């Protein structure tokens, strides 16, 4: 999952072209740009995870063991590990949104197909792209055979069977075997028999076809009717040719076959050879082989069906007998338990037992269409995907409980904030929700829904247990992360729409800016009272920021000014900075000595706010590199002249600044040199608008762009055009492409990652220094053999210094773990100051992966005790490292404390039971009254429960 590019202020690499990250070759250390002697997080950041979006569209799939779920998220895939409660997004992407995902039976490969039929063959183990293929037309479904030797895709009105890629190296991973014709309309679904001999294909022409993977003498290909609407799903019964077909009008047909799977007769060798020779002769005149073509017959005559496999419909059932449900949209069947799960457009799902059609459950999970259903291999867990709200649910139907329940912001995210220790991220969206995400597991663990309008800003207080959010509903709300409740609501005397928010470093003063009354409101966190209303701006307040080191508030406004307000001097205006354009965002450097301001003219200016002097500026308009929207009348170059940065964020050490706006790029600038260091392309998804620099002339007509034409009328996501008298259908519903944009950027306090809220979701980019050789004060005598020789001579301090000079992580770990625990005190006291910081940084990263918890805790304790005073003098520079160390230790503390509390309870329970048995044995010997004995045992158990609650 990890890839990296090393960049510097001297050499600027080209922007990532958005392709799959891991298919790129590793950077060559000989040709890579030289390292920069500045803070590491500015350099090799790679895509680390996607939060805030758990499902978009396409089919859900469980892995082979049934413990993980693969979910398509836009043009990427996320894997949800349900047993370990973690989520991982693969660092590879298709060009458009993924609509089909096919997993191989052994769980090693996946085929991802996007909206236009471009496919990626992906290794789920290496998380990389193995092969690319283009099917030329949209694909509706893909499915591997149970034996893993073939896979079938459906497009248009045909089914194509390919040889599945094997474990050996191949020049072409996708080799076409057979092409099956028969349906008159688009094919919709596929299902295989258990022995991979046959497969069934459903179609929009209301028919289902059964085809053979090989030519069988007694199997002719004809259609099964009986439905009055589109076939949504078809399923074979276990080890049988019996078939179930389900249509969109909520009808189920049960088909019985008069032949068992073992009764299929292979084609005679002469006939098979004749057909193969005919196919080869046809292929000689073609530029590329098309495989064997097989044509089915819709209405075979009686002579052709004699002594052949025959199907008969034995039953037909209806789900909506009472007319309570809408169209059936998705279905899944578990063959071993005979469990059928069906989802409807109204958000209701049913569980039935087949073939008797007995209803087990009927529940509603939302009011949106259920787009995809999947059942794991054991039949215990059922996954549901709702594309309308971006919901992903995993339900255990026997215990009627949720295994996973996640939902992103169904409108775009607009703001985010890191907690002080970097463990959590809070996001606010236009849907009025405030969500808190765990950066380790990538799961949302609490959602606050108290706001009645869009959330415009969110932030943490300095203690990390209180979240503040501002909204257009005229309130600022404070949420408690201990009890998960809204414990304080701040309002203004007159209703105002709050556009920005800031809290001081102590967490006691809360300020919010209004976009309609041009005022700044100040509240007390303790009492909730309004302390003051700051007036002076002549335009909407666009941004607020508190100085981290002083009691000074900076406010930016559309009136082309930035005002500095002194908190200790009755909120008087300390300074007014005048700019040439409307101010969009202000941000203080972490040490509080510099102020960055982004304006509407595309400039980023830097100010010494103490002396009200401008110290530098960056012209960033050309770096935004806007794309051209489909309906734009002007070119992207002309459109970029009116664009600007809308969000700024300093890095943890203050040496660089992140900037983003209405563009697919995030720029990192060096503040001192005022140059562009790197541009990150946050998305390569062309399903979003404003991604292309030039419009495709083939999409332009004499009447305008083809984007104005809404295609796919009557489809699952198209405009349902109703006939007279029909109640369903909404002519106001239209497709639209969301525009790519970056709404908020934040650096993690640990300095190891940064996050961006975008149209696609919450993207996290983290530091990866493991792939790069980055020596430190290296000389000719520092080699691995010399380091191990020094270590063997028990010169531990010298060995550690040499290992850090070579800067190979595995070697550093080997050296540090070779130091005896009783020698740690001596080694720590003899370490030079320069290497203390490096050892602390190594310890913080080692805590995340190592099992030697106590050993590393001894190291951290001794280093901080012996060098604490010296480290305090460099606290600003070392703050990210200390916070990274705190985050790692805190995570272990939470895990171990839960385990210890559980063990203490179990030990006390076991002691109470043993005492109870001892008292019973004593009572039998001394004939004690039973009532006294019971009261004593009850007292003991009550004491155990009291201790457990108190702990």
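Just so you know, glycine gets a Cβ as well, placed from its N, Cα and C.
Check TrEMBL against the ranges 1-22, 23-44 and you find region 'Disordered' recorded for 1-22. The stretch that TrEMBL tags with region 'Disordered', taken from the ranges 226-265, 266-305, 306-345, 346-385, is 266-305. Residue counts for the repeat 'WD' (406-447) under DSSP, helix first, then strand, then coil, are 0 helix, 23 strand, 19 coil. Taken together, the residues of the repeat 'WD' (406-447) have an average pLDDT of 89.
According to DSSP, the repeat 'WD' (534-567) comprises 0 helix, 19 strand, 15 coil.
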